[in-house]
Structure formats: C-alpha cells, structure tokens
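First the structure, in the form of structure tokens, and then the observations on it.
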Amino acid sequence: MAVAAAAMIGLPQAYLEGKEVKETSSLVTELCRHFYTQGWVSGTGGSITMKVHDASIPKPEQLIVMSPSGVQKERMQPEDMYILSANGSIISTPSPKPYPNKPPKCTDCAPLFMKAYEMRNAGAVIHSHGMESCLVTMLNPQAKEFRITHMEMIKGIQGHGYYDELVVPIIENTAYENELTDSLTKAIEAYPKATAVLVRNHGVYIWGDSWIHAKTQAECYHYLFDAAIKLHQLGLDAATPDHGPIRRTIHSQIKDSQYEREWPRRWIVLDIEGTTTPITFVTDVLFPYARENVGKHLNLTYHTAETQEDIKLLRAQVEEDLREGVTGAVPIPHADEGKEKVIAAMVSNVEAMIRADRKITALKELQGHIWRTGFECDELKAIVFEDVADALEKWHSSGIKVYIYSSGSRLAQKLLFGNTDYGDLRKYISGFFDTTIGNKKESRSYKEIKETLGVDDPAEIMFVTDVYQEAVAAKAAGLEAIISIRPGNAPLPENHGFKTVTSFSQI
C-alpha cells in the first residue's frame, strides 16, 4: 500500500523510509511521551501531528506525520506513525501489533488537524486533553471565548505581548471528534489571530509554524489556562488588567438634563485625538516629530526586517496612490537602485501624507516605529486630558473593560498610554484597535469590534469620539455613541442628535 500510494504522489518509496520522515516520526514519539507526563495525552487521548520538514519541498506540499488513535501515547514507537500526503491522504500505515494491541487506526483528529494545516499553514498541531484546558471552559458555561490579559506567558503566544488581551474561541463538544470539523473551521475563520481553539469539556487544539512554536505555545496556553482557573478560585478576574474581583453584574448611571436610565455597560471604546488627548499634541508634537525624524529613522534601521516591511507597505500604498492620482505621491524606487534613492522617495511621500493627515495603515505603522524611538529616548511625553486617568481607573475598578480605537497603529497607541504625563495608563486598558479592523467612518468596523469582543448586544458598547462621522458609523452598527467636546475640536453639525460630554467625569 505504501509503495503504491507513494508512487501516486510522485515520491519514491525510499523517501518514505528516508531520514526526514524517520526523524519526524521519532520526534512525534518523543513529544507524545513528554506530553504524557504533563497529563495532556493520557488514557490514549490527545494527539500530535507534524509536517516533515524538507527545505527542498514547499511547506504546503510537505508530507505529514500523525500519531495513531487508541494507543498508549507513552509507549508509542516511530514505526507506529501514519504518513499522510499534503492533502491528507494516508500513504503509509503502521503494521498491526499482537494482542492486546488494537488494529492500527489513524487519529480521529485528522480532519481537524488538516484544517489547521490548510487554513493557517501550520507546521505542527497538538491536541491536548489537559485538565486545565477542560476546566477553563467550564468557568462560564455560556462563554464563547476564553480571555486573559496582563499575564507574563501571553508573550509566548504568536502576535501577543504582555499588555494584549489573549482571546481563544470556545466551541461545543460532540460525541465524535470528527464532528467538530465544521465548528473548528468557523472558529479559525472568525479568529484570524488565534493559534488555538478550545473544545468545551474536552480539550484544546493548538498549532504553530513549526513543532517548536506549537510546543512553546502549548506550554504557554496551559500555563494561562491554569492561571485563569486559580484566579477564578480566588474570586479574581483574569480578563481585566489588574485581575480585580470578579463582578457578575455591572450597572452604571448615565445622567443628563434630558434623561436618566440604568444601563448595563460593560465595554467602553475610546478614540484618542480630541477625546483622550488634545488635538494639538498630535498635530503640533507627534506629526512634526515623525516628519522631522523619518529620514534619520530610515537611515539607522534600513536593513532591519521591521523597516523593510514598512517600506514594502508604503510602496504598495504609493503605487495605489499613483494609479488614483493622489497629490504628492512619488514612485519609490526598487531596492537595487540604492538605499539613498529609496529613503529620499520615502521621506517625500511621508511628508505629503502627514500634510494631508492620511489615515492609512502604511503611514501609521511607520510613524509608530519613529515615535517609539522618541518615547524610549524621553524626547516625547504623551499628554492626556486631566479627567482621563481618573476615569480610566474608576471604570476599571468597576469592572468595565476599556478599549482604544484609533487610526494610529496599535504600537503607537500603546506608546502613548504607556508614557503619559499621568504615568503608565495601559494597566486600565484591555485592548487596542487600529485601522486593520476597518475605517473608523464605516459601520462595518464597529460590527467587527463587536464580534471581536464577543458582545451579543452592541448597545452594551459605548463609543466616545470627537468625530461626527465616526459617531454616525458606530450608531449605525448599534453602539451607544457619545461625542467628546474638547478644546480645539471641530464644530459639530446643528441638530446632530448625539449626547455630548466635555469631560469623562460626565460618563
């Protein structure tokens, strides 16, 4: 069977018996034994799969090694492994073993593993039945997500840092493993940043670019699940920055001269410019700093991966601008024309974009990297209105989760709130949204925020901004929109119909 199957996919039998496949099979065996000692694959449960790394074969076309089903994971041998083609077809089956061993069977997780390979270009996938991965889904039987923030091991999860909120989708268990395929697929689609999916009362699927990434993340996820369980036992909330007491129901009073009502507010989303921070700080301090230092920044960091990515993003934006006839856009030469020419064109485009106050991701990412240097060197200190720090602390202590939504990059937002004249305010903020989630003047962006937060009723989210068009978009998405009136803000249309505040103390 193995010879025929190998021939069908254009591989010689010798390859299936070669070094790469043998080493991968041995590694899967070794990891299964290790994870058995962790309690992740006991009682024949759980499973591991891994791509056969071969630099001569593109990753999507590499063979796959999968552990068998119903086998004592701590006693497995390399010859017990199944070998699959890149599309999931079995091309090598292990030989049967004498009684009391069961006939060989590929893991029931195979269809779910294939989804991680196909949809996330994974290099390895781990399915754990660790007790903490089961219990964490029971803390709130109605929850569709697991959330945790401000915990050290979050940094071990791809794309996350200490201040980020880690969100893992939870899907409902079924009687048979392969029946989870559709719900796992939907979860992977709905949570593009996630590298894991929890199955209620069952376990967790975790993937990574390689076996090292998958293993590292699995260890971090289990640590975080355990931390959340222990915090819950202490009556503390893992999803808030200071892990304060769990609050089951939160009610706040909104009062003004026109109405008074009780509103179960749990989420507040804040704009920055003209809402938490004076417009003049952005226009008179941040923008000039970026404009004056862009050339210096590009010269010093030109060969770094980060700056090369910034150049790539800006070049793509400029090409689009040139097609649309945007004023100030000039072509950015290819790298082989020399560093100096590339930087000169970059500077010219950045200056034009800043003058036009363009709200585009390519510019905002580069600005964030320039501002990072300014904050690190104490050349910049962020300014917030005097009522902001007290309000953030009050909302946080009340169990209300505060998020930021700004056209500035997430990095720039974190730098600003981490370096204010009132100290580091990030401890009061649960997360940050930027234009990668959508344009602030489009209602679908606010719908995406609602889905990301896992909120059923959008009216439970209050959005505060100084921009009328943003308030209109948020309201169209069902959010409670309030307009911030601050010194220097643009005038509002007459009869705009929105509640306004001049201070966060009025919220």
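A Cβ is built for glycine as well, from the same backbone N, Cα and C atoms used for every other residue.
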Given Swiss-Prot lists Asp271, Glu273 for Mg(2+), the same-site residue among Asp80, Asp466: Asp466
Zn(2+) binding, same site as His127, His129 - Swiss-Prot member from His150, His160, His202: His202
Site-mate of Ser406, Ser407 for substrate 2 in Swiss-Prot, selected among Lys381, Lys440, Lys441, Lys447: Lys440
Additional residues around Zn(2+), ordered along the sequence, whose Cβ is within 8 Å of the centroid of His127, His129, His202: Gly45, Gly46, Ser128, Gly130, Ser133, Cys134, Val199, Gly203, Val204, Tyr205
Listed recorded positions (Glu152, His202, Ser406, Ser407, Asp466), ranked by Cβ neighbours within 10 Å, top entry: Ser406
Euclidean distance between Cα atoms of His127 (Zn(2+) binding site) and Cys109 (substrate 1 binding site), Å: 8
Distant-in-sequence Cβ neighbours of His129 (Zn(2+) binding site), under 8 Å, six or more positions away: Trp40, Val41, Ser42, Gly43, Gly45, Gly46, His202, Gly203
His127, Glu152, Asp271, Glu273, Asp466 screened against Ser406 (substrate 2 binding site), Cα within 10 Å - retained recorded positions: Asp271, Glu273
Candidates His127, Glu152, Lys440, namely the recorded positions, that fall within 10 Å of Glu273 (Mg(2+) binding site) by Cα distance: none
Cβ-centroid neighbourhood (8 Å) of the Mg(2+) site, Asp271, Glu273, Asp466 excluded: Ile272, Gly274, Thr275, Thr276, Thr277, Ile279, Ser406, Thr465, Val467, Glu470, Ser484, Asn489
